[in-house]
């Protein structure tokens, strides 16, 4: 580097020399002798600024002095002046080079000084990656670690005497984060299963709601038929305890006053303490009560009276006794026949929906299944029992061999001649403890003994065929 500087300055001298001022020649003494210049011993060099100022002043002084003819001694003094100037330049360059080396050494020592590593919280634990080659100007934390023992694996105990460049702060949260990830994954699976289960439950709920809505849809003729049945109780616009007890006694039911009150409380749907026609209609169109009554009649005739189905039992006896007008009988039997068929189809649909849930292996609530399907699930078994009873060889009914279940009674106008109103037969009948076997002939005032009744006459929903016109 010094050689380059010297070459550069020699080239500058070549360009500067033609413009250098002429130096005065040696002075001659008065005695005719030649005066010789004396050079003082070189002392300490002044600073560069002082030298520059002195060099600027020297040419001025040289220009002010009178020029004299140059001689050989002047040429020698010019060479000495050039050599002194080059020495000054070289010394200045050496000082600047040493200056740069010293500052560079200080910067390197400052970079090599140890720094304390502070753990910084990160969003996810990651192992520190050491690059293969890092320049010297990079930060201290990115450089290669000093040669020594290999760093311990993540989470392992590190001795205090050994320097370790690995940050252990994020590694402490690794266990918690694993538990959090497991918890999130379990929540996702549960939410996915729940999301798949909700459409099935909603479909079941909609099916059940549609069934409940269809119960309220009655035609005008059907409503008038149920009103005719309601007027039999002869109450003051409602069914009270006295009227209900009188009808039960006429039908041969032996009930207590507590059972009558329970039946009225069950029929009071709106809870106002009165059983008006609206409550009566809601009870008679209730699908659950209807199927419960059908099941009780199919199982046993000696079953205890159910207060929730007592009105159905009274209606069953009135239909079998032909104690209602012909149009009323036809509308009521057609209504319950349709309800029985719809209940059977809906029970099959409900079973299919539950089967799909089981095939998909999704958890479902069995209690909810029982509460929503108990009446409908037993329809098929009830029908099979009714068929077995109808086809039994010991039955004497002429309708025992009918291959299908029809719910409308056979009304032959030529054989059965009823009076315009047969309520008088109920008014004349007052025996409270009549046997079921003699109950039917007691109400044969208009049929002249042409109809036969047996002990199974209460099963009118399954034993009587439909009317043909």
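Backbone N, Cα and C atoms are what each Cβ position is placed from, and that goes for glycine too.
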Where Swiss-Prot places region 'Disordered' among the ranges 378-423, 424-469: 424-469
For residue 268 (Ca(2+) binding site): DSSP state (helix, strand, coil): coil
Least surrounded among the binding-site residues, given as 268, 272, 279, when other CB atoms within 10 Å are counted: 272
Around the Cβ of residue 270 (Ca(2+) binding site), the count of other Cβ atoms that are within 10 Å: 11
Other same-chain residues whose Cβ falls within 8 Å of the Cβ centroid of 268, 270, 272, 274, 279, the recorded Ca(2+) site, in sequence order: 267, 269, 271, 273, 275, 276, 278
